[in-house]
Each structure stands twice: as structure tokens, then as C-alpha cells.
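Record features, source Swiss-Prot:
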- Asp155: active site, proton acceptor (ACT_SITE)
- Gln31, Glu106, Asp137, Gly138, Pro162: S-methyl-5'-thioadenosine binding site (BINDING)
- His62, Asp86, Asp155, Ser156, Thr157, Glu158: spermidine binding site (BINDING)
- 2-235: domain 'PABS' (DOMAIN)
Amino acid sequence: MELWFTEKQTKHFGITARINRTLHTEQTEFQKLDMVETEEFGNMLILDGMVMTTEKDEFVYHEMVAHVPLFTHPNPENVLVVGGGDGGVIREVLKHPSVKKATLVEIDGKVIEYSKKYLPSIAGALDHERVEVKVGDGFLHIAESENEYDVIMVDSTEPVGPAVNLFTKGFYAGISKALKEDGIFVAQTDNPWFTPELITNVVKDVKEIFPITRLYTANIPTYPSGLWTFTIGSKKYDPLEVSEDRFHDIETKYYTKELHKASFALPKFVGDLIK
């Protein structure tokens, strides 16, 4: 008998994947966590019925969250990742030699535990000497920080459950306070097909706080619609004005210096959302 997992991305649309076996399942303090082995995408992390990452396509999301802001900032030394318990963003952050410390604040320690066990190629960097892992509320961590970070990356789930506070104007204001005077932040902001209002609202809120606010995209097969957006807010540096000598060689599968700028070229219907 074949076993299939289906994520209902809207009431009337979803994606499905053939499952070889279930590796782990439990209701944590915060959410339903499932780790499964799929036929097509390798091991897959699912939270509250939503695909968070897979071994096959994880590099797209993690590279685009990390490298766009880190190449935009001329000397990022202290980096904060809110969420991201699978460790993929941290792995990419550590590819930048200027980064002296990377802090991960993940509310659900079980995500970290089982990512290390079943997604070692993604989570392996969490034990690096430059990394500090904190299990706790990222919203509260931001509120308690001031003038501390060069770059903050918000690697959250959808705006439901424990992540709901990470999509508010108050949170973005807190991020601005936690950043240094030339700091940059980036957040995943879902897709323009099914959640256009979210993108419009987030960009509007961020624009009221950060003088440079831009939206960029990436193609991620297992995420709703496949077209994913990220919002970047910067106090000083424009991601579209990065000099050529800023780009140093790192090993990537998706991100390139050409794609860095190209990712900000938006389809018209997406650009219309943020006019």
C-alpha cells in the first residue's frame, strides 16, 4: 500500500508527496512535528501539516535568506537568526568569514533535536564554535536587545501559532532597535498567489521603519505556489547597489552574484502588491 502526504495550501489546492516511512511524529509544546522520508525530496520536516524543509530543495530558501543581506552589508560580524531550528540558515551564515558570532533563537527545541537527527546535512552547523543556540521566544529576545546585531534574519513558519507575533509592526520596530545603526534585516514573507495581503501589509509596515525596503523572490518547489518572497529592510545599505568587489567566493547551489540583483526584478503582479 502506498502512503502519501498532502499539504493543503489553501482550502482548494495543495501538494502531495509519496512517503516511504515516518521517521518521527509528536505534538510538541508548540506544534505538531512530523519528520518523514519521501520518495522524491528525501527527508522532510513538517510542522502543523506544512512543509518546512526537505533535503532536496532546502538550499534555495536557506541561501536566499542568508546571502542577500550578508553580501549587502560590508562587514557583518554579529548575526541573529530568529526561528530556523533546522539549522540551514546558520549553515549558510557561517560561509561568511567576517561573521564572528551567529545566534539562533528557536522557540521549539524539538525542531532542533530532530533536525540534528534526521537532517544532518542541514543542521550540522548548529554545533559550530561560532554559533550560540538559544531555545526561547525570538520576539522576547528581540525586545531585550538593543544596538547589538549587524544582520537579523527571521526564518519563521507561517504567521500562525508561535510565529504570529513575528509578522507585526511592533516586531519590526523591535528589530530596528536591536540592529546597529547600519543594520539589515530580512524575513520570509510567503507567496503572492495565496497570501498577497500579507506581502502588502509586511512591506508597508517595514517601509515605515526602514529607509530602504525591498522585496525579492526565489523558486522553491515544495513551498506554496513555488514562488516565495522575502522582505529586506536596511538602515543604510541598498541590496541593489552592492559593488562587485563585495562578492567573495562561497559554495552555493542557487545563489549567485548575478541572481542577487536579478531576484529583485519582480513580476508585475507582485510589484503591484507593494506600490
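Cβ atoms here come from the backbone N, Cα and C positions, even for glycine.
Feature annotations (Swiss-Prot) mapped to structure.
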residue	record	DSSP class
Gln31	S-methyl-5'-thioadenosine binding site	coil
His62	spermidine binding site	helix
Asp86	spermidine binding site	coil
Glu106	S-methyl-5'-thioadenosine binding site	strand
Asp137	S-methyl-5'-thioadenosine binding site	coil
Asp155	active site, proton acceptor	strand
Statement: If you rank the recorded positions Asp86, Glu106, Asp137, Asp155 by how many other Cβ atoms lie within 10 Å of their Cβ, the lowest count goes to Asp137
Statement: CA pair Ser156 (spermidine binding site) / Gln31 (S-methyl-5'-thioadenosine binding site), Å rounded to integer, equals 13
Statement: The number of other Cβ atoms within 10 Å of the Cβ of Gln31 (S-methyl-5'-thioadenosine binding site), counted over all protein chains shown, is 21
- request: Identify, in sequence order, the residues in the chain of His62 (spermidine binding site) that are 6 or more apart from it along the sequence and have a CB within less than 8 Å of its CB; answer 'none' if there are none.
  value: Thr53, Gly88, Val89, Arg91, Glu92, Ile122
Field: Asp86 (spermidine binding site) and Gln31 (S-methyl-5'-thioadenosine binding site), Cα-Cα, nearest whole angstrom
entry: 15
- prompt: For Asp86 (spermidine binding site) and Glu106 (S-methyl-5'-thioadenosine binding site), what Cα-Cα distance in Å is obtained after rounding to a whole number?
  reply: 9
- request: Quick one: pull the CA-CA distance for Asp137 (S-methyl-5'-thioadenosine binding site) versus the residue listed as 'active site, proton acceptor', whole Å only.
  value: 13
Query: Other than its own, how many Cβ atoms are within 10 Å of the Cβ belonging to Ser156 (spermidine binding site)?
result: 21
Message: Just to be sure I understand the packing, how many Cβ atoms besides its own are within 10 Å of the Cβ of Gly138 (S-methyl-5'-thioadenosine binding site)?
response: 26
- request: Rounded to the nearest Å, what's the C-alpha distance separating Glu106 (S-methyl-5'-thioadenosine binding site) and the residue listed as 'active site, proton acceptor'? Just drop the number here, would you?
  value: 9
Message: Measuring Cα to Cα, how far is Gly138 (S-methyl-5'-thioadenosine binding site) from Asp155 (active site, proton acceptor) in Å?
response: 10
